[in-house]
């Protein structure tokens, strides 16, 4: 993380992770929460999830908090910038992957380590109410629907990391800073 920055790792006080409100993947590989239905299409279309060069559709799915926890662990994350919250607007329900069911029936809350161990992994979801109100362009936490606030809070609980910044649109002004990571 500090490689090439001119700073040693001991001088880094804060590490910001960038996290979409749902999961995406480019190319082949394991993606337990991938959606092959109309919700997956909705996320792709609303989130403009197409490759910049190829125009190819990205794979989309529900947020995988098991994988996110692994990223937190590997990167010593201090906070998140949650992006594309507005893409979830209009969904009747939203889901968070909270564990995996392994092929042998065991439930685990950690990611498999070997590539072969991903075969047959099924996501275990927690379902929450969605919201019909628009979050697009909202610049203050008080303007978010209660269901969106509950979703954000649950992500924080499941990952153990606060969401310090929320993006509600593609423009840089459509961002709310809840806790400024650059304010010492």
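Note that Cβ sites are derived from N, Cα and C of the backbone, with glycine treated the same way.
Note that TrEMBL annotation is computational and uncurated.
Summarising the annotation, TrEMBL assigns substrate binding site to 52, 53, 54, 55, 56, 57, 58. The IMP binding site annotation in TrEMBL covers 56. Annotated GTP binding site per TrEMBL: 58, 84, 85, 86, 167, 168, 169, in sequence order.
Shown on the structure are the features that TrEMBL records.
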residue: 52; record: substrate binding site; DSSP (3 states): coil
residue: 57; record: substrate binding site; DSSP (3 states): strand
residue: 84; record: GTP binding site; DSSP (3 states): coil
residue: 167; record: GTP binding site; DSSP (3 states): strand
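Fewest Cβ neighbours within 10 Å among the binding-site residues 55, 169: that distinction goes to 55. Nearest by CA distance to residue 56 (substrate binding site), out of the binding-site residues 84, 85, 86, 167, 168, is 84. For the pair residue 58 (substrate binding site) and residue 169 (GTP binding site), the Cα-Cα distance reads 19 Å. All protein chains included, residue 84 (GTP binding site) registers 21 other Cβ atoms within 10 Å of its own Cβ. Other C-beta atoms found within 10 angstroms of the C-beta of residue 86 (GTP binding site) number 22, with every protein chain shown included.
Residue 84 (GTP binding site) has 57 as its nearest neighbour among the binding-site residues 53, 55, 57, going by CA to CA distance. Across the structure, residue 86 (GTP binding site) and residue 55 (substrate binding site) are spaced 22 Å apart at their Cα atoms. Figure note: comparing Cβ neighbours within 10 Å for the binding-site residues 53, 54, 167, 168, the maximum is reached by 168. Residue 167 (GTP binding site) sits 24 Å from residue 55 (substrate binding site), taking the CA atoms of both as reference points.
Each residue contributes its Cα atom, and for residue 54 (substrate binding site) and residue 168 (GTP binding site) these two points are 26 Å apart. Taking all protein chains in view, 12 other C-beta atoms sit within 10 angstroms of the C-beta of residue 56 (substrate binding site).
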